[in-house]
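The feature transmembrane segment is assigned by TrEMBL to 12-36. Look at TrEMBL and you will find Asp129 tagged as substrate binding site. Positions annotated as disulfide bond by TrEMBL: Cys171-Cys183, Cys254-Cys257, Cys305-Cys409. Residues or ranges marked as Mn(2+) binding site by TrEMBL: His340.
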Amino acid sequence: MRRTTHIKHAAFRRLVPPIVISLWGVLLLAFLYQIYHFTWVSDENYELRYRTHDLKEKPMLPERTNLSISLEKRNGLPPRNLDLFPHLAKDHIVIVLYVHNRPQYLKIVVESLSEVEGIGETLLIVSHDGYFEEMNKIVEGIRFCQVKQIFAPYSPHLFPNSFPGVSPGDCEGKYDLSSKKNCKGDRDLYWNYRSPRIVSLKHHWWWMMNTIWDGLNETMQHLGNILFIEEYHFILPNAYRNIQLLTMLKPHKCPRCYAVNLAPTDVSSRGEGLASLFVEKIGNVGYAFNKTVWRKIHSKAREFCSFDDYNWDVTLWAKVYPFFGGPVYTLRGPRASALHFGTCGLHLGQEENVACFNNGSVNIVLEKVDKIVNINSDWEVHLIKHKTLHQAGFMGWGGWGDMRDHQLCLDFAEMYSLRQ
């Protein structure tokens, strides 16, 4: 009897390890499936959900609020100051200033624009990420050129109780495996759920580009270059004349360049100050390109909208420009005509009493060379090569993992397709 019991116990001991191992294996597989599901299952959803966009069907945009509807109607209004500036110069370069909610920044940029030589010859379009009364008043006070305001009607800031703002039941904060959350939302690569104030950066830029190039009567037929600046770019008096000259020189000096820039890629630099033109990677301070380039960007809407990074410029470099088939260069002068200022982040420093500038003020010293055209068409071109910041396999900095944001982004890409 004892021998039989001993044999059973021995057999049980030999059997337990495989059972335990099998049990742990099942648990491990379940865990890996959860990781796979939360991280990669969306690829199948992309194919199913994005397929409709290949058919050019009408996009399913979120239901608008009353404020959103009224702002979209304002987008169709003609530019202001037509009585002061009834005609635009031939071959003018439209300027687009995109802003968020930093009125103390905007005041400085508008003041700098008022001193720009030739500003009265062109149209200034101010694109707002939502609606903020103080920002609106500052723009309404502009009298130095034609000016048109457009408002992103699907900005998260306009939807306090529904997507693309915060919806009831939305997941918030960081995903935690130890807790079961009965909430809506997909986490990003770093286990964070969406933040409306963060995703609005990429949404606004993408909505603005689609609207400027394909939606506005004033610009949708514009075949020339359009200059894009932000609310923390101080524009020097010679900026417009310099950008005009650079666009004229680009076909001859750098035919393979996709854009021209008012400043070096390194935002802390005011330039080399040498008697030379420079070619380098496209920067995000004062960049201008034409509709042909926009078409190349727009053709990669799926890649742009699905990449898990809330920065539009990082997304372009990591997922869009690699499809261009070669280096994506810009042409610029040896001295900056636009300067990056301020120390606040994207949505910080909205209050007037917050010091968002270095030492609480902007101290930009203008020299004589900043007030005149300082580019010579006879100069040779010098190429600056930068190290690739985003190597193959770079997955993004996150903040853009929610499938609803991907879908809205794609809807923006198609919202004017029927008109086209």
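Using N, Cα and C of the backbone, Cβ positions are placed for all residues, glycine too.
Since the structure is predicted, the reported quantities are computational estimates derived from the model, not experimental observations.
Projection of TrEMBL feature records onto the structure.
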| residue | record | contacts (Cβ under 8 Å, 6+ apart) |
| --- | --- | --- |
| Asp129 | substrate binding site | Tyr98, Val99, His100, Asn101, Ala152, Ser155, His157, Ser200, Leu201, His204 |
| Cys183 | disulfide bond | Gly169, Asp170, Cys171, Glu172 |
| Cys254 | disulfide bond | Leu277, Val279, Tyr329, Leu331, Val381 |
| Cys257 | disulfide bond | Lys250, Val279, Tyr329, Thr330, Leu331 |
| Cys305 | disulfide bond | Trp206, His406, Cys409, Leu410, Ala413 |
| His340 | Mn(2+) binding site | Tyr232, His233, Phe234, Ala263, Val267, Ser268, Val285 |
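Over all protein chains present, the Cβ of Cys171 (disulfide bond) has 17 other Cβ atoms lying within 10 Å. Counting every protein chain shown, the Cβ of Cys409 (disulfide bond) has 22 other Cβ atoms within 10 Å.
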